[in-house]
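S.K.: My questions all concern the structure below.
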């Protein structure tokens, strides 16, 4: 029964333990974790004993030479993702450029963003896996497939950077503008990131410090003098190379607000009024662009002006169209496929008026804008019936709603009859429409003097020229690209009382920047979102930013110091544990050697020079447990006194010459009485604790010298023979020693 119970109890305990332990620990254990990261990094999925890191070595020379390539690919891919994310305001324009070249409308900007995001995620994953392998102490080995892909990532990122620097240099201005808006938040996020990075950094620095202590303990003074540039110097240099840049960057982040300028950090009473909104081609997210429906939607959502593009038909009718052909916004491929690439100015108005300008918007599977909200059924039906409008229809709507009108005037084709006179023709059409001249913002630069004379009430709007030229031409408003806001916020123009209209502003963060920079108006596609903004996004007062800045600096400094102290304390605890273990082992070996020497001197331990008898004896000491041989005490180490056996420390000065309280043998003058014979067996006396006494013989038997007091310890020799004294008369049994006593 007890045997059965002893077998059942571990099973019950195991089942209970399995029941109490969460199921996730049985599936995702440490072995599974290590196998997963090794498989993802090195493509070795078999469970086996991996190579552990040696001191001062993380991988082979080939891996160390390739690892910088991984870091370069990570930095390039992340920078490209950041640039393209901040260029989200230009996604529709990028899709339009790709459509002009391919004839296929798609969200190419989102495809490129996804592709760059995959590259950044892939390189980031490899970096994280490498860090985890180093944390587990496993040697790095990147598979050759990963190495080829990393090289391809570097090549592709280099190609994209070449395009950016060659054709799209203004994209870097967009990045600069985004940094102006998000500078306070990037500053605070960077400090938080430095706190997170301080954990592995502190772990590595403290580990290098422990490595330096270990090497210093191993090296002698002569070795340090011979090797001036030794391993210790290299370890210290590595600590400085890793720790100094970290703390310099942290110090710069702490002091960054002293030189930081963000237009969105200002007092509320100094905030300018909200910029006016011009509907770019109407409201192209709510209706087909350059249609009456789109312009009416823009008016409904608070547009102060309407922006459009004007072409002139072959029979001299100005109409609204942006592209240089009719493929994208009409159904000309269904009506006249062979003429889909023909310039719009080469068609008569009778033909243009029959084309549908809304089906591409309402029935297309791919909408013109990514993330555009779906329309109602009534709006979808209305959008599907839209036609190409005339310029006069737009002027009638603007006069009715008292909205401003601004447009780009595109010249007709080279063989058009109004090639040289199209500006004067359009001015006459506008004047005939009976619209108030103050509602017309005249943007074309051709024949501006004629326009000033013919229609002096038009508000002249110019491109970005110098302040002197604009003042000379008496122009008080400019229409410029939003990227020019990067250059000191166009303060010179605002100081000269020149109104600024920015195009094309679709993102709320960019509109907030224009608002905080005291811009008067913007042209946008996203009028329904910008019209609902009541204050700039990412806006804060200087006092609030100062409080957050100081609080963040103090908390981050406290956390970083605490992390450094924690790793230092943990490393010191390990060192103390190892030192105490090694000292305890040395004390045990020293005490064992001293005890053995003292027993040999007293004759209670057979000398190492005398051969031991191999014959069996009836009287033997009890067997002790076998122990591995002890290391002998080195000649330059003094035996410790604190943990030495009490009897040995007091009574023994040297292992070779016993002196102390050992009694000499009795003098011959004493009367020696013969022992009284007994008929029975003589029982040995009970041994005292920590002391071994020889057997007491009856009637004056000479007592042997008493051995020193000592604690019982296991002997190196498992068996030895002890000859008992021979009694004179009677049968006396030899003394029986207890286990562990001599």
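The backbone N, Cα and C atoms fix where each Cβ goes, glycine too.
Straight from TrEMBL, here's the annotation block:
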- 23-44: transmembrane segment (TRANSMEM)
- 65-85: transmembrane segment (TRANSMEM)
- 105-135: transmembrane segment (TRANSMEM)
- 147-165: transmembrane segment (TRANSMEM)
- 185-206: transmembrane segment (TRANSMEM)
- 235-256: transmembrane segment (TRANSMEM)
- 275-534: domain 'GP-PDE' (DOMAIN)
- 544-566: transmembrane segment (TRANSMEM)
- 602-742: region 'Disordered' (REGION)
- 606-628: compositional bias 'Polar residues' (COMPBIAS)
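Help me understand the surroundings of these features in the structure.
M.R.: Remote same-chain partners of the transmembrane segment (105-135), defined as residues 6 or more beyond its termini with a Cβ less than 8 Å from a stretch Cβ, comprise 37-38, 40-41, 53, 58, 67, 70-71, 73-74, 77-78, 80-81, 84-85, 88, 90-92, 94-95, 98-99, 142, 146, 149-150, 153, 156-157, 160, 200, 328, 364, 366, 368, 370.
Sequence-distant neighbours of the transmembrane segment (147-165) (same chain, 6+ residues past either end, Cβ-Cβ under 8 Å): 66, 69-70, 72-73, 76-77, 80, 83, 116, 119, 122-123, 126, 171-172.
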S.K.: So, does the transmembrane segment (185-206) come close enough to the transmembrane segment (544-566) to give 3+ Cβ pairs below 8 Å, pairs being at least 6 apart in sequence?
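M.R.: Contact criterion met.
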